[in-house]
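Take a look at the structure set out below.
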């Protein structure tokens with residue numbers, strides 16, 4: 001019963017948060033100057049006030065702002081994200097076309113940064129007493145990665161691995177006009193993923209390293225770890241069952257929080273590597289004041305972030321069942 | 001991105017190394033070049049379409065990338081060679097009656113649209129009689145005044161009957177912005193939201209195959225192209241690469257073979273142009289003749305005073321702007337019309353850099369130019385334009401101006417300039433041959449509109465100038481028309497509602513394996529029917 005209450009409360013909070021993001025982002029994009037109808041007419045080379053008025057009317061921009069907001073919220077409640085007049089396509093079609101690219105980039109970067117970050121962080125902490133040089137190498141290396149701007153690092157990787165060494169592609173998600181299939185197709189996609197994924201991973205890898213290292217060092221000082229050692233448990237069992245399990249709690253919480261940052265980092269990486277993801281779509285939508293695409297993007301990202309945080313809450317509860325128990329007791 | 005489909009220069013093999021050691025490589029290359037002098041069929045040409053086009057039909061959108069892509073799919077009646085002489089495309093020949101009232105076009109026979117339907121005179125009549133008057137109000141107003149009717153009673157002949165002569169008529173039909181629209185796919189539809197704007201059907205050498213938004217647009221060879229044996233290329237892929245440094249890296253790797261002007265930063269052009277196997281050329285922009293200008297809002301004091309505007313132009317060191325801010329990518333503009341235009345008067349007085357004269361003009365005007373702060377609205381056009389705005393602020397300080405540079409993103413700039421909410425701003429236009437077709441909109445009273453930054457947003461109005469614009473339209477080509485244009489250019493040079501800064505040079509960088517790239521006055525937007533990739537030397 002307490003589990004259901006926990007889940008229900010978190011879900012309710014998540015929905016409220018998404019509604020808040022939607023209203024705020026709607027008002028924010030409307031506050032920015034720039035008229036999408038005028039921009040579209042300009043691209044068409046049209047000096048026709050009537051045409052601009054017609055476009056504004058079709059887009060609903062001639063209505064009062066509160067009415068536009070209510071209309072939009074009603075639309076979203078019916079799972080309709082609207083229509084992009086500039087792209088002449090429904091917003092959901094545009095987003096769903098780009099979603100796999102962003103998810104593959106964010107997903108692979110998340111897996112690589114968290115797995116390697118946790119492993120290296122734990123290794124650094126465990127090496128602190130006997131192999132201090134290794135701890136120093138990992139900690140300082142992570143600090144260097146953290147201090148390097150991702151877009152600059154991305155450019156350096158392109159210059160080194162694409163331009164100079166010619167090992168990896170410099171842009172895009174696939175080789176166009178190559179008619180690949182099967183493993184060749186998969187290999188081509190993976191080759192294109194390597195540099196963008198690494199560029200995005202490095203920043204977060206550094207954060208995981210430092211967080212895990214600190215949490216592990218703290219866990220190593222706990223009394224139950226001394227007890228386990230005194231009982232003569234195998235060192236590996238002590239590390240995995242008693243140290244890392246406790247050390248992972250802040251790391252998992254952090255993983256949930258960083259998804260939003262990962263999405264904004266993905267935007268930069270998508271631009272540098274011409275990765276056709278959601279971030280690029282939103283960047284273009286912003287410059288064209290394509291409100292419906294922009295709001296659809298905000299909504300999708302907020303659903304992803306809130307959803308991921310929900311999963312993090314559940315994961316934390318699995319790791320430490322005491323979390324949320326006080327709520328159930330009330 | 002690696003592109004196995006196009007031909008990379010090979011890495012040196014053992015034979016090549018041996019030849020090199022023997023000093024025979026140069027002679028072998030000469031031999032190879034002579035063997036491969038004939039155009040080669042096959043291969044994929046990789047280009048960059050940046051920014052990504054909104055639509056792919058350049059009849060409804062004048063977006064620069066739309067023209068670049070769509071120009072390979074859809075064709076117009078004619079194009080222009082580098083001397084701005086009309087050349088046949090879908091019209092194989094044409095005649096103009098001595099009174100300038102009848103234009104008769106003989107169309108190419110045996111032309112099919114990509115969906116197999118025949119191309120006929122009816123498509124041309126539909127395009128100019130219905131399609132363009134609907135999507136382009138400028139052409140609509142010209143046609144309303146000048147066009148009587150279009151006769152398409154013969155399947156391969158179109159006759160335009162005019163009410164009165166209109167000298168730039170051929171330029172209007174063949175500017176590269178007026179492809180023929182397929183009547184069977186557009187008639188009776190909303191032209192702007194027609195689905196074929198996203199998957200165009202044309203008569204050109206390449207057919208639309210796929211558009212993966214945010215990534216690439218792929219065109220493939222039209223096997224039924226009406227010119228037998230053409231095109232040479234199997235496919236053209238336009239990659240969408242938003243970051244300038246990434247575009248430069250892609251070009252350096254030969255993943256893309258052509259860099260248009262603007263694809264890379266001005267500061268990077270010299271380095272990229274010096275790469276082995278890379279060629280650079282300014283050809284192919286003759287029709288467009290880009291003009292960068294300083295737009296005054298002539299409604300607002302002190303900019304409503306012509307002497308103040310003249311003083312500003314004298315205070316700007318334009319050779320410095322071209323050489324140091326734009327890294328030599330242009331030349332100082334001599335007047336309101338392009339220096340290459342037959343209508344530009346070489347005797348026009350020039351505004352050389354002269355600070356003393358500028359100060360004298362300010363004194364003469366009797367205006368306290370420092371009384372109000374002047375906002376220089378700077379749009380997001382790239383680093384050079386930001387440097388230009390900052391330079392302008394500094395250059396006008398000695399005259400007593402208090403200039404504030406206000407920088408905004410492109411959308412905000414577009415709206416504020418369209419709504420006349422600025423004092424000064426930099427902008428540029430493509431002049432497209434006859435000044436009546438583009439330049440006129442910056443000056444004519446009937447184009448004081450709140451619709452786009454390319455109308456008369458400065459609010460300049462001079463009945464004499466309006467009359468002269470009408471006169472150049474009505475006067476047949478010849479000495480009298482040139483004289484009227486000269487008079488007009490002198491008036492604009494004195495009133496100076498718009499300060500011409502420099503004529504933009506558009507260097508195109510391309511890998512030397514790409515042949516026949518720059519053949520006409522609109523080269524990069526051409527149909528690429530004769531472009532081919534040279535086989536690498538053995």
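Just so you know, glycine gets a Cβ as well, placed from its N, Cα and C.
Please treat TrEMBL annotations as automatic predictions, because they have not gone through curation.
Here TrEMBL gives transmembrane segment for one range in the set A:293-311, A:312-330: that range is A:293-311.
In TrEMBL, the feature transmembrane segment is placed on A:138-161, out of the ranges A:66-89, A:138-161. TrEMBL lists transmembrane segment for one of the ranges A:103-126, A:223-246, namely A:103-126.
Under the criterion of 3 or more C-beta pairs below 8 Å, with sequence separation of 6 or more, the transmembrane segment (A:12-32) and the transmembrane segment (A:138-161) do not qualify as touching, having fewer than 3 such pairs.
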